[in-house]
């Protein structure tokens, strides 16, 4: 859940987001060490007038500063590729939901059900109840079962959009004429907020996404009430 003046990531609520947080910390530590080393060398160069003549043309030094960055890049690339393959893997999804982007709202269709689809519009600020989040509440939430793999099929009917839910590690482009897919799984119940993350016109910032993750029994009751 996001909170005011937040500087870090939202709490991870999916295995993918947990992996992304670990990868972020891993990469940040490497960048921090490299930056510290570079600043230290620069400070030494600026504060001393001595010159080490034997290192002005040394193949050993050139070999080190060629091989070492290559090793560092490999240490960054390997976990990154692992996460990319994890995000692309979809095995036997329990549910498929088709998401269509419009100017400026989202529509959802539960393809495993015969007639379960709806549009999701942002609730205007004037209609919010106490405790509601400004520019993030919608009239129809996407209710999904927790702890089950869900396939999201994402496209657009007009311009480029992007369907993103940060706490679940999701961000997939909605492209007219093309069907993209993403895997969604939540390890806990709750409300998860997102927004369109691709500039799509004057009301781009008024396209919120709200996922309500519930136990399977509650989802079955909700789906029966919607059909």
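For all residues, glycine too, the Cβ spot is worked out from N, Cα and C.
On a predicted model such as this, the values are computed, not experimentally measured, just so you know.
Record features (Swiss-Prot):
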type	residues	note
BINDING	161, 196, 200, 207	Cu cation A1 binding site
BINDING	196, 198, 200, 204	Cu cation A2 binding site
BINDING	198	Mg(2+) binding site
TOPO_DOM	1-14	topological domain 'Mitochondrial intermembrane'
TOPO_DOM	46-59	topological domain 'Mitochondrial matrix'
TOPO_DOM	88-227	topological domain 'Mitochondrial intermembrane'
TRANSMEM	15-45	transmembrane segment
TRANSMEM	60-87	transmembrane segment
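With DSSP classes pooled into helix, strand and coil, the tally for the topological domain 'Mitochondrial intermembrane' (88-227) is 21 helix, 61 strand, 58 coil. Of the listed binding-site residues, namely 161, 204, the sparsest Cβ surroundings within 10 Å are found at 204. The binding-site residues under consideration are 196, 200, 207. Their Cβ neighbour counts within 10 Å are lowest for 200.
Applying an 8 A CB threshold to same-chain residues 6+ apart, the list for residue 198 (Cu cation A2 binding site) reads 160, 161, 162, 173, 174, 204. Here the topological domain 'Mitochondrial intermembrane' (1-14) is broken down by DSSP into helix, strand and coil counts: 0 helix, 0 strand, 14 coil. Summary of the Cu cation A2 site environment: with the site residues 196, 198, 200, 204 set aside, the chain residues having Cβ atoms within 8 Å of the Cβ mean position are 101, 104, 159, 160, 161, 162, 197, 199, 201, 207.
Remote same-chain residues near the topological domain 'Mitochondrial intermembrane' (1-14) are listed as 20-21, 24, 166-170, 184-188, 190-193, 213 (criterion: CB distance under 8 Å, separation of at least six residues from the stretch ends).
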